[in-house]
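Pulled from TrEMBL, these are the features on record:
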type     : residues                       : note
BINDING  : HIS183, HIS185, GLU189, HIS228 : Fe(2+) binding site
BINDING  : HIS183, HIS185, GLU189, HIS228 : Ni(2+) binding site
COMPBIAS : 1-10                           : compositional bias 'Polar residues'
COMPBIAS : 19-31                          : compositional bias 'Low complexity'
REGION   : 1-31                           : region 'Disordered'
Amino acid sequence: MPTVSFTQPPRASGELLTPGRWAQAGPRAPRAGPGLECLCLRKAEPWGLSRASPASAPPPNPGFSARLRLPIKESAAAGLRARPYGSNTDLALRVMVQAWYMDDAPGDPRQPHRPDPDRPVGLERLRRLGVLYWKLDADKYENDPELEKIRRERNYSWMDIITICKDKLPNYEEKIKMFYEEHLHLDDEIRYILDGSGYFDVRDKEDKWIRIFMEKGDMITLPAGIYHRFTVDEKNYTKAMRLFVGEPVWTAYNRPADHFEARGQYMKFLAQTA
Ligand SMILES: [Fe+2]
């Protein structure tokens, strides 16, 4: 059986780290640099799917597809398996993603900012914003058929691993501030938390902040054009896989960025899901 390894690509990302591609290769690649770890995956089929291929590529904004199969978060008791939304009604009804409307209190963004009384947000509301969520077993991310299935279905052909902590990420405080600037991207943002935890904040249709708590095993896709931000929590440690369709473009456009086509497309999507 061929071995698929995380190897270094010929170009730099231009932002934080050097990304890598899933491709057939030999032994585990050497450590690539601060905050970046090497990954060795074993699978039977090669990666390298082309985003330009109409036969294999997902829609330009996969989160907007009406045919999209929404993953759901399952309880620990139900097992750690990604499953399409609606494939198990009983299970879907029990599932609650850890998300809530943020309070308006000033202070450290690394705190939960969870109001009292609580204003929880469920998967369906996130889905209507184009935000997709999976729960996976992060302990086996190097050889996880569920992750492989998601990657194949959604054409995630590029990945790297970033560790966000003071000891591993250069200019940590500066980067944390940058992550927390409200921004959008022209492509989906896909993150899989391998260890630690943190918060993704996304704007809802009324421009209110929804905070999504992400911990080990959580995987999320934020659609292109959505205003969002990220912060570590008070533990100051997040280790995450970053995935991408094709070669990554990490450019963030701080708000206001309404003139981009991706934003316009996203606003159309929101109007359709009203
Ligand atoms: Fe982002």
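Placed from the backbone N, Cα and C atoms, the Cβ positions cover glycine too.
Any TrEMBL annotation is an automated prediction that lacks curation.
Here the features listed in TrEMBL are placed on the structure.
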residue : record              : Cβ contacts under 8 Å, 6 or more apart
HIS183  : Fe(2+) binding site : TYR227, HIS228, ARG229, ALA252, TYR253, ASN254, ARG255, ALA257
HIS185  : Fe(2+) binding site : LEU222, ALA224, GLY225, VAL249, TRP250, THR251, ALA252, TYR253, ALA262
GLU189  : Fe(2+) binding site : THR221, LEU222, HIS228
Let's check the environment of HIS228 (Fe(2+) binding site): how many other CB atoms sit within 10 Å of its CB? 23
Taking the mean position of the Cβ atoms of HIS183, HIS185, GLU189, HIS228 as the Fe(2+) site, which residues outside that list, in the same chain, have a Cβ no more than 8 Å away, listed in sequence order? LEU184, LEU222, ILE226, TYR227, ARG229, ALA252
Assigned conformation of HIS185 (Fe(2+) binding site) - DSSP reduced to three states: coil
